[in-house]
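What follows is a set of notes on a single structure, which appears directly below.
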């Protein structure tokens, strides 16, 4: 049989396990960035690049190993490859789901939202696409779901299924014309970046741009490209197309490669610290930049680099603590997020740093147990081998049936409890429920008002009060003070999901207000709305803007809105409130306060942030679990804050 790639290695040598020193250290950096990003997002705002580091490593390593197998055996055993992947991935995933499921059954509440979809996605490696299809990435931002982190495993597993098939098929067509193959892979990288950029520019949901296999395969394919650039990286080369550095290890090319590798290594962590997920073009270009840095590190520690500086690089990245973390990086990645989500729902989004340290400690402990007693045995001996070992272990001493029986019973109980949690999982968070209830109540109220006005018109009644719903009378706030009187017929409110949820209370205090609100609305979307309403003569004299919970306000945006309003109009701007990990809220509030102070003659501040902070000290249950949307009592306070600001603007 003609071999896929020429090599001097004997087939039995090619089948031996090969470990590239330093890769575990790179994995350790990647998983550490992700964990710190999730637990302390303000410390490493760009820590999400850790996932892309993983992607590059996986793309390179899988391709290099497949090429090695093809070179040494003349073929690639796809079934054996997929069996190895199953041994590596499935045991740890099953363990996480079976242990986390019963905890959710005990806790109840928002932590179980969409658990059925999440478990299905984890079991079928389709988490990324199911998350995209669910279309609820807006609410999962503040109401995290247990297995959200499984999206990257889904992308990798889809790669593991498709890529070997494609590799074998194209190898048979192109024979050993690897340069053409590398060019084709490069085209796919460009295609992935292009489609991601186009979708992002077209205001596609963030989940579609970030989770999509097609829009996020540039990291994996970049690793593939590296494997083709140095196709003998995991075995000695005999092909006539060799890199210059192989024959002249101390040449300028080698020097450049060493320098690049060290610079890229030193740049990774500062890159994660300085980058920010909300920055324009960070997805995909910021993530692709991290992929390039990872390639730069890996290429400098490949076996063909025999100089001392490369050996030092491999040793640095094989430092024992890094090695320990890297070997357990899969378990650490799987466990840290569900444990952080549990802490979120137990202690709130602004929990103590000590709680996060406890989450980190538990993650390290559980990942070690998983690695030692579940992942390693199955990976080493296989599923059948482990079952055989258990059988032989039982035959040596019948008394060992007792611990085995306990294990079976506990496993069965966990499975049953998880199944119950999945079966009874709600589909909406408390915040979503509040928003939907707000929509429904507002629609019912508006419909009742239309019917009342129609009835009044039919009876030729001149009293406009008869057209109002009696329930629209102002209601006292929690402090017992009456709401101020305002001319609500001259009020336009433009807002986000908080306004949507609070519409009934806003109509209680301002029955004739004009409300335009939708979920996820940002300041960027408000500006064209205001301009359109102004040009159509739809804006009223008092305009309320409330989108700080979603928006990173930029200097000058509020000025644009104010310039659009007629000179006799007043602008009310509402501050935002939310957990500290939503860093844009504090920045936006600073801009809002400065803008209101600078334009005090025409702008009034509705300080929802300060008011709700004071009220939460008296009653900590005024917010839903996401810490952004108020509950029923909190909605009354929110409406009061806006009404008081409107009254001040109209005075």
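We number each residue from 1, going along the chain as drawn.
Placement of Cβ uses the backbone N, Cα and C atoms for every residue, glycine included.
Bear in mind that TrEMBL entries carry predicted annotations, made automatically and left uncurated.
Looking at 217-235, 236-254, the range tied to transmembrane segment in TrEMBL is 217-235. Looking at the stretches 115-136, 181-202, the one that TrEMBL records under the feature transmembrane segment is 181-202. A Cβ distance under 8 Å defines the sequence-distant neighbours of the transmembrane segment (158-174), meaning residues of its chain 6+ beyond its ends; these are 4, 58-59, 62-63, 66, 70, 76, 78, 81-82, 85, 125, 180-181, 184, 213, 217, 220, 224. When each of 88-107, 181-202, 255-273, 285-309 is checked for Cβ pairs under 8 Å to the transmembrane segment (20-40), 285-309 comes out on top. DSSP assignment over the compositional bias 'Basic and acidic residues' (437-453) gives 17 helix, 0 strand, 0 coil. If you look at the transmembrane segment (181-202), the same-chain residues 6 or more away from its ends with a CB under 8 A from one of its CBs are 170-171, 174, 208-209, 212, 214-218, 221-222, 224-225, 228-229, 281, 283-285, 288. The stretch in closest packing with the transmembrane segment (354-374), judged by the count of Cβ pairs under 8 Å and taken from 46-67, 88-107, 285-309, 401-422, is 88-107. Mean pLDDT for the domain 'Acyltransferase 3' (21-367) in this predicted model: 88.
Proximity of distant same-chain residues to the transmembrane segment (285-309), defined by a Cβ-Cβ separation under 8 Å and at least 6 residues beyond the stretch ends, is recorded for 20-23, 26, 46, 48-49, 52-53, 55-57, 60, 193, 197, 216, 218-219, 222-223, 225-226, 229-230, 232-234, 237, 243, 245-246, 249-250, 254, 257-258, 260-265, 267-268, 271-272, 275, 279, 317. Using a Cβ-Cβ cut-off under 8 Å and counting only residues 6 or more beyond its ends in the same chain, the transmembrane segment (255-273) has close neighbours at 29, 33, 37, 43-47, 49-50, 53, 245, 289-290, 292-301, 305, 307, 309-310, 313, 316-317.
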